[in-house]
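S.K.: Got a structure for you, written out below as structure tokens; questions coming shortly.
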Amino acid sequence: MAGAGGGLRVWGSLVLLGLCSWTGTRATAPNPVRNLTVKTETTSSISLSWEVPDDPQNSTYRVQCTGDCGRTETQTTTDTNITVDGLKPGSLCTCSVWVEKDGVNSSVETVTTATAPNPVRNLTVKAQTNSSLTLTWEAPHGPDPQNSTYWVEYTRDGGRSETRSTTDTNITVDGLEPGSLYVFSVWVGKNGINSSPETGNATTAPNPVTNLHMKTQTNSSITLSWDVPSGPDLQDYTYWVEYTGDGGGTETRNTAKASVTAEGLEPGTLYTFSVWAEKNGAYGSRQNLSISTVPNAVRSLSRQDGTNSSITLRWTAPQGPGQASYTYWVSLIGEGMTDPRTQNTSDTELILKELEAGLLYHFTVWAERNEVRGYNSTLTAATAPSEVTDLQNKTQTKNSVTLWWKAPGDPHFQLYVYWVQWASEGHPQRGQYPRANWANQTRRTNETQYKVEALEPGTLYNFTVWAERNDVASSMQSLRASTYPDAVTITSCVSTSGGYGVILTWSCPQGGYEAFELEVGGQRGSQNRSSCRKGVSVSGLGPAQSYPATITTIWDGMRVASPSVTCHTESAGVIAGAIVGILLFLILVGLLFFFLRRRNKKNPQKPELGDLVFSFPGDILAEDFADHVRKNEKDSNCGFADEYQQLSLVDHSQSQMVASAPENNGKNRYRNVLPYDWSRVPLKPIHEEPGSDYINASFMPGLRSPQEFIATQGPLPQTVGDFWRLVWEQQSHTLVMLTNCMEAGRVKCEHYWPLDSQPCTHGHLQVTLVGEEVMENWTVRELQLLQVEEQKTLSVRQFHYQAWPDHGVPSSPDILLAFWRMLRQWLDQTTEGGPPIVHCSAGVGRTGTLIALDVLLRQLQSQGLLGPFSFVRKMRESRPLMVQTEAQYVFLHQCILRFLQQSAQAPAKKEVIYESVENLIYENVAAIQAHKLEV
């Protein structure tokens with residue numbers, strides 16, 4: 001813009017001095033030009049103009065520009081204007097103009113001005129924000145660009161312009177409106193002269209979107225929404241959305257709407273979204289949001305197990321990306337509940353505890369990941385009712401048993417139904433009734449009592465009762481009870497010759513029976529169960545008399561008398577002539593019996609039980625026992641051999657069907673030692689596991705109860721779990737082990753307890769060794785049994801006698817008697833719980849000897865008499881081969897005799913016996929591993 005701003009005008013006169021040789025008249029100087037003005041300036045030229053002087057005729061104008069602009073030549077023109085070019089840009093120049101006429105110059109008119117600077121170069125928008133633009137450029141070509149001033153003018157579309165200056169080659173213009181288009185110009189000002197402008201336009205960045213939020217989410221999509229950016233112009237925005245998942249991989253899309261739906265996503269996956277606005281190529285700042293897709297629903301939700309206070313749920317993880325970790329939530333609400341109960345787990349199984357018994361619950365299970373709840377899976381399941389209590393046989397007859405029980409104390413017990421199941425465990429005569437129904441029978445009732453009818457007389461039954469609601473059964477309560485035996489009918493009572501006795505014959509009762517008791521005229525005698533249908537002679541009566549006779553059937557401690565009949569003996573005169581013959585006959589019979597006895601020693605044969613009715617030794621008084629032993633020890637224990645031979649005649653034909661079943665064959669250590677069906681100890685059956693109720697164990701009679709002990713075999717590797725189930729279900733606090741795990745190089749028993757303090761788990765039972773005390777001939781161990789599901793414990797003490805050889809006997813009765821005293825003291829102090837469990841290897845030899853010793857010594861102490869033969873025979877009726885060898889039978893008598901001798905002595909120093917359970921010192925748990933047990 002040449003001439004803008006004016007120029008410095010200097011007026012003066014130039015005095016030209018010179019020496020002239022005049023030959024004529026001297027000329028006068030012309031007048032100077034007037035109004036010398038700079039009309040335009042460019043980067044390389046200056047245009048001047050002036051007015052003619054007062055006398056312009058024949059005038060010539062001289063122009064000379066000097067200074068930084070770089071040109072010094074004088075130009076001549078006859079016009080009143082001139083353009084001086086070839087100058088340097090942005091430079092000061094002093095231009096002089098004078099008139100020349102007739103060789104005479106006027107005074108000089110001067111003006112000082114400058115050339116225009118070159119324009120800036122490479123004008124660029126360097127940065128944009130939502131309120132500023134940063135411009136940058138390069139300095140113009142030309143001399144001395146450092147002293148340049150740069151001017152920036154900017155105008156918003158449709159708005160007013162503003163101008164700013166700077167001496168730098170960049171400027172940030174702030175205070176602008178976001179998302180707006182600005183037109184800007186930049187020029188250089190130097191020496192009061194401006195260059196030509198460089199122009200451009202740019203848009204400020206839009207403001208960020210606001211209120212970015214998740215609108216909806218599914219397992220495969222997420223919809224986001226936001227508010228448009230604030231600013232003067234809300235139109236023409238383009239929105240960009242970028243998202244990245246957990247597994248990497250980024251996708252970008254754009255939209256003109258203020259919402260977007262990202263589809264095709266992975267379920268249960270965290271995605272990071274970035275959203276920004278764009279306008280005219282300017283991008284706003286990003287707004288970020290992390291949000292997860294919804295996890296899929298858990299799969300295969302099912303009820304696995306349950307008790308009366310817990311339900312176990314199991315499921316499969318949701319379908320989704322591999323290795324995804326979920327938190328699972330389980331919500332439950334039961335009948336009568338107003339608020340649901342919720343808990344979480346990282347496993348795919350959860351035991352819901354502290355539930356009410358017999359209640360229907362609705363379960364909702366969902367997976368959570370990245371704080372996003374997945375879809376629901378639902379299940380309805382019920383807790384089991386609590387078990388019935390106080391189950392008892394209220395009344396019983398020979399054909400029925402009336403059961404009674406208390407209802408569970410549950411809130412909804414009125415809605416329970418009860419199931420009664422029974423099955424015969426048999427009786428010694430079971431094989432005689434092949435058509436009898438021995439299978440399980442089940443009936444339903446709404447009452448808390450039930451009369452089970454149509455039962456066999458004299459039969460032991462196992463009754464089981466449980467409650468049920470919502471098709472879920474409680475734990476079972478079992479009761480073993482016998483029906484009364486059947487009364488016999490006396491079929492004949494015939495007087496013997498001479499009238500001094502009668503021969504009684506009676507029918508065999510229906511069902512089971514153990515023995516018979518005869519009473520004729522006040523005389524009583526016991527007969528074994530094989531004596532029915534055989535004539536039994538009763539002597540000691542008077543001739544020509546009438547005697548009432550009854551026969552009592554004995555079974556499981558119950559007695560039923562037959563109808564009384566009257567027996568008549570013959571007159572003595574009628575039989576007087578036969579006395580001599582009878583005496584001779586008796587002598588012959590005696591001789592025959594003597595020779596047969598001698599013959600039987602060489603070739604033993606089983607005699608008919610009816611012929612030996614009164615030959616079995618009965619109870620022996622304490623003061624007579626030593627004589628009894630000495631008598632039997634004669635002739636190399638000939639008497640004991642006879643007694644033991646008679647024990648072999650005990651009926652072995654009782655049913656062993658359960659033990660012989662194919663699924664149970666592998667559970668028996670020895671094929672010839674199988675429990676009888678009627679006396680075996682049943683386990684609680686496991687659903688869909690045939691034979692799961694079987695273990696080779698038998699209830700054994702004692703002094704006060706027909707089920708005072710349990711005799712069992714040493715566990716096999718595959719029956720260790722069954723063994724501990726037996727302990728738990730019977731709630732037995734006492735184990736007696738009479739074998740070593742390895743004897744003579746053969747495995748006799750599996751090592752079924754832990755070696756050290758590390759627990760062993762068998763199914764739902766966990767066994768822990770708490771401590772042990774090792775002595776010379778035995779070891780006492782303290783064990784704890786934990787029912788994992790019910791979280792209940794049982795303390796068990798194991799008495800392990802280690803000085804008894806297999807099939808042999810200890811070297812001295814003293815050691816076994818000391819062991820028995822310790823064991824008996826513990827049993828007397830431990831009155832709660834089930835019967836003691838005694839085992840050796842087969843569970844008959846050493847086991848039978850110890851049980852017999854305990855019962856007989858207590859009988860001796862309480863009654864002053866004892867019957868070893870009778871009790872061993874009674875044990876063999878419950879389990880075969882009890883007291884397995886003749887040596888063990890003799891040793892049993894030796895132990896009793898030694899006990900009597902010790903009792904008769906006045907000990908100088910009483911043997912130290914454990915005074916209480918607490919006095920047992922259990923230590924060295926850590927050293928158990930070092931103790932070399934032969935397993």
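The backbone N, Cα and C atoms fix where each Cβ goes, and this holds for glycine too.
The model shown is predicted, which means the values in this text are computed figures rather than measured ones.
For 1-27, the entry in TrEMBL reads signal peptide. The domain 'Fibronectin type-III' annotation in TrEMBL covers 32-118, 119-208, 209-297, 384-486. Residues or ranges marked as transmembrane segment in TrEMBL: 572-596. Under the heading domain 'Tyrosine-protein phosphatase', TrEMBL lists 640-899. Here TrEMBL flags 817-890 as domain 'Tyrosine specific protein phosphatases'.
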S.K.: Three or more CB pairs closer than 8 Å, sequence separation of 6 or more: does that hold for the domain 'Fibronectin type-III' (384-486) against the domain 'Fibronectin type-III' (209-297)?
M.R.: no
S.K.: Summarise the model's confidence over the domain 'Fibronectin type-III' (384-486) as a mean pLDDT value.
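M.R.: Here the mean pLDDT over the domain 'Fibronectin type-III' (384-486) amounts to 87.
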S.K.: Could you give the number of helix, strand and coil residues in the domain 'Fibronectin type-III' (384-486) as assigned by DSSP?
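M.R.: Across the domain 'Fibronectin type-III' (384-486), the residues distribute as 6 helix, 51 strand, 46 coil.
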S.K.: Please count the residues of the domain 'Fibronectin type-III' (32-118) that DSSP assigns to helix (H, G, I), strand (E, B) and coil.
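M.R.: Counting residues per DSSP class in the domain 'Fibronectin type-III' (32-118), I get 0 helix, 50 strand, 37 coil.
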S.K.: Could you put numbers on the helix, strand and coil content of the domain 'Tyrosine specific protein phosphatases' (817-890), residue by residue per DSSP?
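M.R.: Counting residues by DSSP class gives 48 helix, 5 strand, 21 coil.
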S.K.: What is the number of residues in the domain 'Fibronectin type-III' (209-297) that are helix, strand and coil, as DSSP sees it?
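M.R.: Helix (H, G, I), strand (E, B), coil: 0 helix, 50 strand, 39 coil.
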